[in-house]
Amino acid sequence: MGCNFSSQSKLQVPEIRASRSITPASQKSEDPYSHIRLLLLGSAESGKTTVLEQVRLLYKQHFTESEYFHRRAFIYHNIFKSIKALCRAMRMSDIQFADPINMGRAQSIIADEHGHYGLFSKDLAEKIKHIWNDKSMQKLYARRSQFNLNDSASYFLNNIDKINMVDYKPSERDLIMAYVPTCGVQNVIFTACNQSFQLFDIGGQKIDRRKWALQYEGIDAIFFCIAISEYDQVMSEDMVTNRLDDALNLLQSISEDPAFATTPIYLFLNEIDVFCEKLSVIPLSKYKPDFKGGDQDDAIDFMENLACEALGKRDRSLYRVYRCIAIDTQMMAELLSTVFKDIAKRKK
């Protein structure tokens, strides 16, 4: 597939019916097996919740007012977390602010320990805007592949004036771009290919994984997300374990679990765009010595081979591998349509 991801053709997404809300998995319908049950798994920040959000938007699953409120809170948090990460990166870099006043502004941002889940004060909003618009900060941002930064940082920072309004309501695009960690177990029921599906999303942090086994019964297919761009990053839980290694080990454990011996796995290799951007700055071979070099396509092929190796001796008919950008709605519409057709075909 390579790194050319733009799609020019206009998608014709069929009219789809969906249930009203996301509910904890414990609140299942009276007949839990009346739907094709899908389990969405992956490490934290792998993009799996973005996949769930795409399903909700593409398959007409509307958000409630409380869900908008919840996501709006995390958008403010995303903005502050991003500007704080950029300020810290600036402090560690060889770049100086073009406007010296921004150095003091950045120091105050770094020292601010509040989570900021609501409207910014006028003073804080101005600080963020001045820092973000500094010419030197834009030079630093061009190096973003060298440090851990939310993919949506520029999107939200460029829209801070719109977002920092009392009557702000997130757009569909805002909902997709926001990083909102999964709390507990959520599920959505929708209809595709004349079949009723129920998709479960479970938190991907290590502390949440003990809950996974509670959802294993009666699962018809697994969606597993891996953010391949994280080959150089470590997990926030211990600051030691490589994120990609953790994801591959997790995939291997799922593939080897007797409960899923005959369950098809749909593997989403996510963040292909970020991965390609990183390669020229952070060599893949530094973290994966078995990679002998080549172009971006060779690197992506290598990552796919790693994932297939993690699947072990699983029959080829029991897994599919897709390369994707989870925040790209058009790409995900095409991908999900293909996946749901394949699952529906298996169930006939």
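The backbone N, Cα and C atoms fix where each Cβ goes, and this holds for glycine too.
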Scan 74-81, 266-273, 306-313, 330-337 against Swiss-Prot and say which stretch is down as region 'G4 motif'. 266-273
Kindly point out the range from 258-263, 276-281, 324-329 that Swiss-Prot annotates with region 'G5 motif'. 324-329
Per Swiss-Prot, the region 'G1 motif' among 37-50, 121-134, 135-148 spans residues 37-50
Of the ranges 57-66, 97-106, 197-206, 247-256, the one Swiss-Prot annotates as region 'G3 motif' is 197-206
Secondary structure content, the region 'G4 motif' (266-273) (per DSSP, counts of residues): 2 helix, 5 strand, 1 coil
For G42 (GTP binding site), the three-state class that DSSP assigns: strand
Which of I176, V180, I202, A326 (the binding-site residues) has the most other Cβ atoms within 10 Å? A326
Using a 10 Å cut-off, grab the number of neighbouring Cβ atoms around the Cβ of S46 (GTP binding site), all chains included. 26
What is the separation, in Å, between the Cα atoms of I202 (GTP binding site) and T182 (Mg(2+) binding site)? 7
